[in-house]
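Pulled from Swiss-Prot, these are the features on record:
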- 265: active site, proton donor (ACT_SITE)
- 288: active site (ACT_SITE)
- 44-62: compositional bias 'Basic residues' (COMPBIAS)
- 43-69: region 'Disordered' (REGION)
- 201-250: repeat 'PbH1 1' (REPEAT)
- 251-272: repeat 'PbH1 2' (REPEAT)
- 304-325: repeat 'PbH1 3' (REPEAT)
- 333-354: repeat 'PbH1 4' (REPEAT)
- 1-21: signal peptide (SIGNAL)
C-alpha cells in the first residue's frame, strides 16, 4: 500500500508540472478569451472605446494580473474621412510593438480607413499582438504614390501575431487591372501590389477577414512558420488579372481552413520552399483552381513537399487540382495528397503539367525538369466542362512517378457521359473505381 502511494506521489511530482508547462499557448489563450475581461474588451473595441480597465474581474470573480493594453487607431489620429490614415496606423503599431504582454490594435467598425503602402515591422516586445479589424481598410487610389509597386500592407518579422475581427481589406484593384498586360497586351508587363503580405512571421493566425479586389495577389505568406489561415473570404472578379487568393511561398507548417476564394487566378497557389501545407474545407471558384506551382521557372531549383488538400469544392474553375512546372527547372514536388474533392463544371479537374509556359512566346524545349512524385488522388468526383478530365503531361526525361488514383469518378458535363484521360510519361497506379482511366 505504502509503495503504491510513493509511486503515485513520484508520478504526480514528476509529470504534472511538465503537463501544465507544456499546455499549448493557443489553449491558454482560448481560456483567456472566454473570460469576462475579453468579452468587455471585445465589446468596447468594436465601438471604438479605449480599454485600460484594470478593475475588471473575470468570471471567477478574481481580478486579472494585468489587462491587455489596447491601441485604437483613432486615438493616434485616424479619421476615416477619405484622407490618408497610414501614419496613424503606423503610430498605433509602434506603440503596440514596443509594449510588453498581450496588446491589441483596433480599427473600429463602421469606419472606412484609407492606407498607402505600409510595413508593420518587428521584432516586437509584446508576447502577442492581436490586430482587430472591425471596419474597412481601403487601398490608396493613386498608383504613383506607391514607392514600391509590389506590396501594399506588409507584416514583417513579427512573431505571435493574430489578425482578425470580421472586417474588410479592399485593394481597389479596379484601378490597377486595366494597366495589366494580360488585359491590354500593348502595355508593358509590370507588377502590381500584393494586398497583404506576411514575411518571416512565426506563430501567426489570420482569421475572419474579408479580402477583396486585390491589386494583384490577395494574401501571401512568405518564409513563415506555424501559420493558421481560417474562415477567410477572398473575392475579386473572374477576369481580374493575377489575383491569386492565398499564395504560400517558402512557408512551413501552414493550415488553410474553412475559406471561400473567388478570384481571377489560382484560389490557392503553393510554390517553392513550402512544406507541411494543409488546405481543408475550401470552396474555390471562379478562379484557376488549387495549384502547386508554378515551379522551376528560368531553370530555377524548386522544392515542395507534404501537401494535403482535402474537403474542397471547386466550381467553374479553369483547373481543379493542378501541379505545374516549367521545363528546365530542377528539384522536386513530392508527397502530395488530393482527397475528398468535388468538381462542378471544372475545365481541367486533375492535371499535372511539366510543360507549363505562361509567356506570349513559346518556351524552348529543355531536358531537365522538376521531379513530380508520390501524388495521391483519392475520393474525387464531379463534372468536367470538357471531355478530357484527367491530364498528365509529364517530362520524357524525368517522368512523373508514384502517381496513384483511388475512387475517382469524373464525367463530361456536356455529354453527361464518361470523360476521357490524356496521359504521357507517367507511372500510374489505380485502386477502386477510377474513371476515366489512362490508356
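The backbone N, Cα and C atoms fix where each Cβ goes, glycine too.
Rounded to a whole value, the Cα-Cα separation of the residue listed as 'active site' and the residue listed as 'active site, proton donor' is 5 Å.
For the repeat 'PbH1 3' (304-325), the mean pLDDT of the prediction comes to 98. Annotation for the residue listed as 'active site, proton donor': same-chain Cβ neighbours under 8 Å, separated by at least 6 residues, are 217, 240, 241, 242, 243, 244, 245, 287, 288. Taking DSSP states H, G and I as helix and E and B as strand, the repeat 'PbH1 1' (201-250) has 0 helix, 26 strand, 24 coil. Of all Cβ atoms in the protein chains displayed, 26 besides its own lie within 10 Å of the Cβ of residue 288 (active site). Residue 265 (active site, proton donor) falls within neither a helix nor a strand when secondary structure is assigned with DSSP, and so counts as coil. In terms of DSSP secondary structure, the repeat 'PbH1 3' (304-325) contains 0 helix, 17 strand, 5 coil. Across the repeat 'PbH1 4' (333-354), DSSP helix (H, G, I), strand (E, B) and coil residues number 0 helix, 19 strand, 3 coil.
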